[in-house]
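Participant: Copying in the features that Swiss-Prot gives for the protein in this structure:
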BINDING   10-33  NAD(+) binding site
BINDING   Ser138  substrate binding site
ACT_SITE  Tyr151  active site, proton acceptor
Amino acid sequence: MFIAGKNIIFVAGLGGIGLETSREIVKSGPKNLVILDRAPNPAAIAELQALNPKVTVSFYLYDVTVPQSETVKLLKTIFAKLKTIDLLINGAGILDDHQIERTIAVNFTGTVNTTTAIMEFWDKRKGGPGGVVANICSVTGFNSIYQVPVYSASKAAALSFTSSIAKLATITGVTVYSINPGITDTTLVHKFNSWLDVEPHVAEKLLAFPTQTSLACAKNFVKAIEANKNGAIWKLDLGRLDEIEWTKHWDSGI
């Protein structure tokens, strides 16, 4: 099993899907779970620690929109304490097409910067041991919710980035895969803004269709982590875990 005995960093591990997944990860017995999030939640950290006292759960304040140099600085602190990190989960995300710059900064640039920052410690060309990255993207990276085109585009960009660097694993020693949840019943989807208010009732319309619980999503998330398949595009929708076969329409040839 991949999770057991490992050191894991979970960016945004206290959110809706994030906290539920953190619970499932802790139950699977990692050595350390390090949660990076924008807001402290001591009660949640205590709950996670109590779920499995053999796991050390720690917390650091972190905003994915900080300069990459700040991320490297924080990672140096974590690596100095734990010596090794086996898995980085990038889970930060917002859904609000009124906030164009922040949506891109959190959903795409933040994922890129955090992934790039940890390469300083993992890249085998620098003598690093390699590692694994799991990036939470979205099914909107496959087909957009057209009323929130900024959100959908940011997730498509994160998916493209993830799939690209997975192909560099033989060079960097770092394997990568994407986690793409379908509509999950969290606070994120209950109230959000469409682009230019083209659909004021977008949340209500979206929730009129079947959704999945955050627990169902989290359980499948852990299954994907345990599968540990480089380049996998995982769809986590309506309680199912499916690997997506990406259709190639063009190839650079290099």
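Including glycine, each Cβ sits where the backbone N, Cα and C put it.
Keep in mind it's a predicted model, so treat the numbers as computed, not measured.
In terms of burial and nearby residues, how do these features look in this structure?
Facilitator: Within the same chain, residues at least 6 positions away in sequence whose Cβ sits under 8 Å from that of Gly13 (NAD(+) binding site) are Leu19, Thr21, Ser22, Leu33, Ile35, Leu36, Asp37, Ile89, Gly91.
Residue density at Ser138 (substrate binding site): 27 other Cβ atoms are found within 10 A of its Cβ, drawing on all protein chains shown.
Sequence-distant neighbours of Tyr151 (active site, proton acceptor) (same chain, 6+ residues apart, CB-CB distance under 8 A): Ile94, Leu95, Asp96, Asp97, Thr103, Asn107, Ser138, Thr140, Ile145. When secondary structure is read from DSSP and collapsed to three states, Tyr151 (active site, proton acceptor) falls in the helix class.
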Participant: Under 8 Å Cβ to Cβ from Lys31 (NAD(+) binding site), same chain, six or more residues apart: give me those in sequence order, or none if nothing qualifies.
Facilitator: Gly5, Lys6, Asn7, Val55, Thr56
Participant: Under a three-state reduction of DSSP output, how is Ser28 (NAD(+) binding site) classified: helix, strand, or coil?
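Facilitator: DSSP call for Ser28 (NAD(+) binding site): coil, neither helix nor strand.
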Participant: Out of these binding-site residues, Leu19, Ile25, which one has the fewest other C-beta atoms within 10 Å of its own C-beta?
Facilitator: Leu19
Participant: Can you tell which of Ser22, Ser28 has the most other C-beta atoms within 10 Å, given these are the binding-site residues?
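Facilitator: Highest number of other Cβ atoms within 10 Å: Ser22.
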Participant: Which site among Phe10, Gly16 has the most other CB atoms no more than 10 Å from its CB, taking these as binding-site residues?
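Facilitator: Per the Cβ count, the most surrounded site is Phe10.
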